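To start, the structure itself, in structure tokens.
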Amino acid sequence: MSKERNEDMRKTILAGNWKMNQTSSMVHAELQSLLQQLPAVQAEIIVAPSFLYITQAIQLTKESPIHIAAQTMHWEEKGAFTGEVSPTMLADVNVTHVILGHSERRMYSNETNETVHKKVQAALAHQLTPIICCGETLEEREKGQMESVISTQIQCALSGVRENEIKQCVIAYEPVWAIGTGKTATPEQAQEVCAFIRSLIVAMYTKEQSEEVSILYGGSMNATNVSQLLKQPDIDGGLIGGASLRAEDFLAIIKQVP
Ligand code: PEP
């Protein structure tokens, strides 16, 4: 598939995952810098601050092209779930996207394929765009298990997603060995897995529908490697951790959207 077709069919998305990093004054300063210098590019720009600063970020970015995402959520609408945040609450404050199944949530907070599935359903029911993360560990890659790990993650996450909803989903391929390590997958490695993910979507839906789903790469993406990654036909953007924390670094990536 040519890049031209890719651009016609689906959005380029650059999403900054700020994890547990910024304080209120930093959220303010980095978003102000982003807003002041944001170039006019054909890409959807998303920032995911901590829950604590989501309303502050929404206030600062309203009437701007920047979308605000949550880094996770619970699947229930409300109830006795101490410490959790519901899809109803996120929609209530105008959050548009939610990152689900990030490998750090899978590693440290008991996120499983089953909870990701429930959260995808809840996100779609509340008109939140799920950014569904998948990716293999180094050990799984070395044992030749990459395809089985990714297919299980994708099939579970998308089970129950209806034909008219698949277009609303975003997938992020994030090899665990590349997250926060400075080791980026090569453009060819990332393309191979993103194409494999698209083939899984073809098998569950149709070829046409698979071509409408944006698939992002994540794992030490930065201003040096973004351009080669975005040239790959099945890579439609990036989920960016470390290199999105400072507006200057995130802008250097955004400016390279073709
Ligand atoms: C991430 O956490 O989603 C991520 C890709 O992090 P980094 O860019 O720092 O590897």
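The backbone N, Cα and C atoms fix where each Cβ goes, and this holds for glycine too.
Taking the Cβ of GLY241 (substrate binding site) as reference, residues of its chain lying under 8 Å away and at least six apart in sequence are, in sequence order, GLY16, ASN17, LYS19, ILE179, GLY180, GLY218. The annotation substrate binding site is assigned in TrEMBL to ASN17, TRP18, LYS19, GLY180, SER220, GLY241, GLY242.
Residues or ranges marked as active site, electrophile by TrEMBL: HIS102. For the recorded site, HIS102 (active site, electrophile), the DSSP three-state label reads coil.
Reduced to three states, the DSSP call for GLU174 (active site, proton acceptor) is coil. Counting only residues at least six positions away in the same chain, the Cβ atoms of HIS102, SER103, CYS133, CYS134, GLY135, TYR217, GLY218, GLY219, LEU239 sit under 8 Å from the Cβ of GLU174 (active site, proton acceptor). Among the features that TrEMBL reports, active site, proton acceptor is placed at GLU174.
In this view, the densest Cβ surroundings among the binding-site residues GLY180, GLY242 belong to GLY242, judged by other Cβ atoms lying within 10 Å.
Taking each Cβ in turn and tallying the other Cβ atoms within 10 Å, the top scorer among the recorded positions TRP18, HIS102, SER220 is HIS102. As a whole number, the greatest separation of Cα atoms within the substrate-binding residue list ASN17, TRP18, LYS19, GLY180, SER220, GLY241, GLY242 is 14 Å. In terms of local Cβ density within 10 Å, ASN17 ranks first among the binding-site residues ASN17, LYS19.
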